[in-house]
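Step one of this worksheet: look at the structure below.
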Amino acid sequence: MFAAFRDSSTSMVPNAVKVRSVLILRRIWAFIRQFLRRRSLARLLSTFLCCIIIVIRPFSRFGGRYAFLVLALKELVFSVQENLAQQLELTVLNIMGALLGIGVSTLAKYLASLFPPDSAASRAICAVFLLLITFFAGLVKSRLARLQLSTRISCFVSIWILTNDIGVRSTVLSDSGNFLWITISAAVICSASLLFVMSILRWSSSSFEKEMVETLAALRQCLSMSLDHISTEKASSVDPSAYRQLCDQLLCRSIGLNETYSQAAFDIRIGRLSLKSIRPFIGIIEHLRRELVWGMSPINSSRSRPSSRFSTIRRNPQSAAAEKFLAATEAPTQNLGNAIMAAMLSVERLIQVTFHSSPYPTNGRATSYTDSEKVCVADAVDSLQAARDEAREQLARIFDEMEIERRRTGSEEHLPEEILDRSLAMIALLQMSQEMRSALQIAQRLATLHENSKPRLWLPRLSLSWLGVPPGPYIFDDHAAQVQATGLTSNAEPSTSELEEGLSVAETRQGLAEKAYSAEVRRLPSGLTHWTFARSPRFETKTPFSWGWFTTLLITLWSHPRVLRLRLKLSDVWRAIQHSRHLRHAAKNTIGVAILSFPAFMSANSEGRRWFTTYHGQWMTISYLWVLETNTGATWRTGYLRMVGTILGAAYAYVTWVIAKTNPYGLVSLVTVADIPITWIITKTSVAPLAVPASVALPPIAFAMYITPDIPESVLKLAILRALMIGGGILAALLMNSLVFPRHCRVLFLRDTSRTLCLLSCLYLMLSHDMFRSHGRSMRDNDKRKALKLALQIRNALYRLSALIETMHDELSLLPKPLAHYRRVVNTLQKLLDLMTGLRKIRENIPRKETVANVFNERREFMSCVCIVLFACQNAFRAREPLPQFLPSARHAFDNLESHVQDCIRRAREEDEHAMGLSLVYAFAEQEVLKNMVDTLEELLEISGRLFGTSTWLSHDTRWSRMSVHEERGHGWYSTFNWDEAQLMRPEMARQYSVV
């Protein structure tokens, strides 16, 4: 027995070694496969070719003493991108920027050469031109994010050209020619490397259609989980945390679709169809996501809500009527949901067939694939329409039976909450069926177009909108509204009038008070109106050409309506200039370059000039421009990553020189090998600013002795000096962005949150204003465009807020940064936007008489409470002041409104049991959406109170107060003071509790 055990144990050892060896080989192969992709191979090839032209003398002599900068420009400006379209865009824009910088710098050096060498005039001309270039480059960089690298390469070449050989006429054309060769070489090598790799490896120019298919699959999964929650058998299997995570991913994917399309719109690809043919799916996917959020979220239906004197009377969750209603509506709900999921699947498969099949298939095979998918789409259309009609009929029949049962029993109770929740879910499914019907119609046209077209080469249409396509996301909404989304980058300002730049009411009245107005109304630049003159003003008669006459004439001209309008316009322009973040960034750009490059424009025999020339102070100025970002958090993150990357690059460069010396084969091999981990960091991690400076710091040190053998410093000293110069520029950028016009992400976040709340208030007021109109049931086209435009601006603002939170991690601040609370704020605002979108669609079908006209006073009270809550939170975020302790309770107003609406509906149904029809379900759905909005508003108040505190005047001391929180809400007031947390604090801290 022991011998058998020994034999089995000895046989297990080789098996364990074999398994471990297989695992190690798999990991090695997985790592190698990352470098067999198109971009990684093209990057390695471009680095190898750049090293080749540096070490080959016939080529490197065209670059002169700056030949090693080919590698620096390759990494900083012309780095290989994912596809050919991005590479062409990068090449064209950055070559234009380089040519502009070389041209202006050459002109400056020519003008300087007209004066004696090293004269004050020649040095002043070069300095002034350099400052002008950096000022306008900073202005364009802040205003147009797409031209960021173009402006930087302009400054890069200008710094090198204008700080060397000032006033020497013989070097004007030679230096410009060197940098022209360096720029074109780097651009051509990177583009040629990508084209060569593309010719070998199979490639797809864009991932837009793939991401759309993946987003539809995520939608199906989210809808399936919502249907499982509705089902009585699978309700317990739904994990709320997994559902919330899936919804967050779905939101990111929906936003990412817009970003991907903005990049793929100018792509070069081969196929039968244009990407524009599937662009309408972007809006449909976003609408489906919103309807899932406001109508079928298990999180909303399972969340506990505080009771009130109305809700405690009518809530009877486990009543027999509710159980009967849920059982009767489960089958049509599941059937409609399954039909929607089948329609999504058919659209997914059709997109895959029309875009992911081979570009040159046989006609018969392509036709058979498309025909089968067309049949699936047609079947999905029939199934969806049948399920939708059945759901409508079942809903109407079930509510009629409920009314008959209520009359028979004589019950006067309000409907249970479960019935309202299920009504909202059914309405959401009906809305989703309408969206999927439009998607299926687009899919059918797509299949027909695919059959009738041949493979072709799709070229980008370069137009003025090329520069207008933002790298950040924008949302395409209803095609019926024909709203063209204006792209907003992460640094763009909202399109609404800003408080810092607009005129206040008091200032406008002061301008109008300078002269009496009457008769007609005219529009002022600030958006206000005033009464203008109906006749000439009357003044007391003065002696002509006397002092009083001149004074009266001056007052008359100064207060003339046209002069007043001009004054107001000039005031707006001046305020805009004072608060322009673009001008401030340009000023910081210029100030930093002026300070760091000042020694370069001193006399030739001065210590500062010799120091700048010996230590190559150009690297300090260049690193300053590359690290200086438009906000403080991004500057800190870029700064410390570039600092670490510079040190690593300088250390590796010294090791490269120690090993290879001036051997060209060793230099090329070691520099190319160094690009392997650099490529992995850039393509696979989020710390690309660490790898780029390492690659930039490598060539000036490794190739120093090879390019200029008579260099006086040792390579070790050179490596230390390069690292110190680049580190000095990084430190200067950090100090500049922290001390001069700082733009802290925390301040930007609070300000933009206040503006987003203002936009949400405007959107809610617009929806409510339309509801009280008596001329029609639905919004007019003009109002719908405005509502969609507001929703679009809010979506862009929420994206900017999320980006600011990510950047806020890297800021140094003495004040705490409650990032978890800030994320909750963004999620809450996103919920409000989705709920308001649901309100807009539901209110188009509600019965106006029973739900609006007969409950006007209750509607007005609820609207006022919502607006006051939004305004209080908006003011708290803008002024960073605590909330009032008591605000009008939106929940109390909603309970009052809901009670009156159900009473009106009951009376209408008593008069006619078939009254209202399906619009009755829409009325109940609206009540559920309003209830979810109240929950979200109270969540917003809770977060705002935690951030900014509460100005309390009524404490929890029983000697002064016997009122509980629930009693306060029941009597129409909501307390923003957190009693439980206040008990743990000292009395002097309870007045204003805040984490900000």
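In case you wondered, yes, glycine gets a Cβ from its N, Cα and C as well.
What TrEMBL annotates here:
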type	residues	note
TRANSMEM	41-60	transmembrane segment
TRANSMEM	92-115	transmembrane segment
TRANSMEM	121-140	transmembrane segment
TRANSMEM	179-201	transmembrane segment
COILED	381-408	coiled coil
DOMAIN	611-736	domain 'Integral membrane bound transporter'
TRANSMEM	640-659	transmembrane segment
TRANSMEM	665-683	transmembrane segment
TRANSMEM	690-707	transmembrane segment
TRANSMEM	719-741	transmembrane segment
DOMAIN	752-901	domain 'DUF2421'
Most Cβ pairs under 8 Å with the transmembrane segment (121-140), selected from 41-60, 92-115, 640-659, 665-683, 719-741: 92-115
Same-chain residues near the coiled coil (381-408), Cβ under 8 Å, at least 6 residues beyond its ends: 321, 325, 328-329, 331-333, 335-336, 338-340, 342-343, 426, 429-430, 433, 436-437, 440, 444, 909-910, 913-914, 917-918, 920-921
For the domain 'Integral membrane bound transporter' (611-736), the number of residues DSSP places in helix, strand and coil: 106 helix, 0 strand, 20 coil
Paired segments the transmembrane segment (179-201) and the transmembrane segment (41-60) in contact, 3+ CB pairs under 8 A: yes
Tally of residues which DSSP labels helix, strand or coil - the domain 'DUF2421' (752-901): 115 helix, 5 strand, 30 coil
Confidence summary (mean pLDDT) of the domain 'DUF2421' (752-901): 86
